[in-house]
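The block underneath contains the structure these notes are about, expressed in structure tokens.
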Amino acid sequence: MKTTTYSLLALAAASKLASAHTTVQAVWINGEDQGLGNSADGYIRSPPSNSPVTDVTSTDMTCNVNGDQAASKTLSVKAGDVVTFEWHHSDRSDSDDIIASSHKGPVQVYMAPTAKGSNGNNWVKIAEDGYHKSSDEWATDILIANKGKHNITVPDVPAGNYLFRPEIIALHEGNREGGAQFYMECVQFKVTSDGSSELPSGVSIPGVYTATDPGILFDIYNSFDSYPIPGPDVWDGSSSGSSSGSSSAAAAATTSAAVAATTPATQAAVEVSSSAAAVVESTSSAAAATTEAAAPVVSSAAPVQQATSAVTSQAQAPTTFATSSKSSKTACKNKTKSKSKVAASSTEAVVAPAPTSSVVPAVSASASASAGGVAKMYERCGGINHTGPTTCESGSVCKKWNPYYYQCVASQ
């Protein structure tokens, strides 16, 4: 990875601002869309806005703001089911930019029994993906290329109610303490099969991270060869896991079998649009605290296998994390500071969407504003250089996050 590449791209993007935040908005089970999950009658414990959590000691780290409030519905799954999480910046439209391409970082998934997890306890990591040196890609690049979707496989756990917690850590301001941005939601599931793989004791959230952990206080703008994914190891009893190359073949077989049972065909050697270059912000202390930058991502194509779902045109096939091979390690114990866990593989099992474009467009703040002079929920409504609407739609107010970025959020 070249520092000069990032520097040149940073200069090109310095004047571009984009609302870059994201939330989980829907879930798929074995390729079947479960509908919008972040609504009043949904199944996702959703926050009032798509803004990140930055204080790793906050109770909002558990399930985000309002995460202690149960959702109306609970989805039913069984061991071996493939669950797909679908992230979006604004809405589920095909034009949605998912998250700003400048927001590089890992994607992880935790699970916990509902009662314990709601209190921040017994969280077990079942999947993770980080940085791939061979392709110079982050998990977030792959997520964007796959239209916000990534998979896990439900472990063979005892029947009961569980929370699944997908998480993104955006490191575009990770070069300063407190700059990393955490995005997460808790999705409510009922496991109907009665497996024998008891979850380990897990970790506490908050508590699992500190602001100075190597993978949280991390400068993506300087040269590096590896990235230590924060948090515990992936539980060796999970069916999802990390993207380590040593186990990608096993994951591919597991995922293919699970998806083939519910989808009619397999499309081989598809090309996935994936980011090969990052667009970053100025790394001065002032700009790092206030500026969010995004620009078009140059993509590179790689042949992978895709399990094609027979649902809707929106059912792009998501990233699948490979099965972890770290069975000799104690599950879900915090790693030491010196430990470097590298997610780098050219043989990663990725379930990817059919190619639609070689470029993933980033939406500028002004371009994303709604027509008619009124900004929609979560859109930009003010700040330095803003030329779009400054009035928010009914039910939302314009909140100042920093001098550069004001956003429409739900009225309190």
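Positions of Cβ are set from backbone N, Cα and C atoms, glycine also.
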- prompt: Which candidate from His103, His132 does Swiss-Prot annotate alongside His21, Tyr183 at the Cu(2+) binding site?
  reply: His103
- request: With reference to Swiss-Prot, specify which of the listed residues Cys63, Cys332 is paired with Cys186 by a disulfide.
  value: Cys63
- line: Rounded to a whole number of Å, the separation of the Cα atoms of Tyr183 (Cu(2+) binding site) and Asn385 (N-linked glycosylation site) comes to 26
Message: Please count the residues of the domain 'CBM1' (373-409) that DSSP assigns to helix (H, G, I), strand (E, B) and coil.
response: 0 helix, 19 strand, 18 coil
Task: Consider the recorded positions His21, Cys63, Asn151, Cys186, Asn385 and say which one has the Cα lying nearest the Cα of His172 (O2 binding site).
output: His21
- request: Compute the centroid of the Cβ atoms of His21, His103, Tyr183, then list the same-chain residues not in that set whose Cβ lies within 8 Å of it, in sequence order, for the Cu(2+) site.
  value: Ala20, Thr22, Asn50, Pro52, His89, Ile99, Ala100, Ile168, Ala170, Gln181
